[in-house]
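Novice: Features from Swiss-Prot:
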ACT_SITE  Glu109  active site, proton acceptor
BINDING   Ser30, Gly31, Ser32, Thr33, Asp87, Gly88, Ala89, Asp90, Lys100, Gly101, Gly102, Gly103, Lys127  substrate binding site
Amino acid sequence: MSDLQTQMKQAVAEAAVAQIRDGMVVGLGSGSTAALMIEGLGARLAAGQLRDIVGVTTSFQGEVLAAELGIPLRALNATDRIDLAIDGADEVDPSFQLIKGGGACHVQEKLVADRAERFIVVVDSTKLVRCLNLDFLLPVEVLPGAWVQVQSRLKSMGGVAELRMATRKAGPVVTDQGNLVLDVRFENGISDPIALERDINNLPGVLENGLFVNLADEVLVGEIKDGVAGVRSLDRVG
């Protein structure tokens with residue numbers, strides 16, 4: 001990651017933390033930008049600038065980081081509300097539709113985003129695209145005994161799906177739910193994310209896919225202007 005990209009991520013993470021208020025239950029996302037947000041939240045709590053905050057994490061890594069920083073946590077099943085969820089994205093299109101799941105935790109991320117009263121997406125400017133899936137693969141979480149069948153069905157839908165392999169262990173990536181991940185590319189990208197999310201999730205053996213449709217309320221973008229990192233709230237198109 002370049003120094004400029006790090007500056008963009010830091011700026012947008014700080015802007016998101018600034019929207020957290022005392023007494024909130026906050027969904028804590030996953031990924032590099034979300035990690036900076038969690039660190040910023042922990043620092044504000046430690047300094048007494050925020051209080052009575054409860055976090056709901058979306059990944060094991062986020063849970064460990066938040067606990068190390070002293071952020072009180074609550075399980076999703078024990079939560080009757082989430083006031084605000086903050087998470088990153090791998091791609092964002094002009095209509096605020098997203099691809100997430102580069103870290104293979106999109107199931108929990110989607111559950112938290114869906115529960116939240118307000119969902120803020122934090123990205124740097126490199127994550128903005130005109131069409132989803134032209135560059136970033138679409139993750140699909142599948143039952144271990146169904147990945148070949150799902151791979152075949154995705155092919156019939158025009159997608160090329162490959163089993164995601166681990167880099168620090170032999171064999172495939174295994175999700176927090178004990179499932180596998182197929183990474184899918186559609187040749188011309190995804191023209192109708194809403195329909196495709198539904199169609200993929202209707203395939204037997206699929207738990208969830210990484211299309212987040214009609215969930216984001218605001219997209220904060222970190223960008224560099226005149227050599228200085230800043231943040232803007234993206235205007236939704238369509």
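Numbering starts at 1 and runs along the chain as it is shown here.
Placement of Cβ uses the backbone N, Cα and C atoms for every residue, glycine included.
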Novice: Rank the binding-site residues Lys100, Lys127 by the number of other Cβ atoms within 10 Å of each Cβ and report the first-ranked residue.
Specialist: Lys100
Novice: Whole-number answer please: how many Å between the C-alpha atoms of Asp87 (substrate binding site) and the residue listed as 'active site, proton acceptor'?
Specialist: 8
Novice: Where Gly102 (substrate binding site) and Glu109 (active site, proton acceptor) are concerned, what is their Cα separation in Å, rounded?
Specialist: 11
Novice: Can you tell which of the binding-site residues (Ser30, Ser32) has the fewest other C-beta atoms within 10 angstroms of its C-beta?
Specialist: Ser32
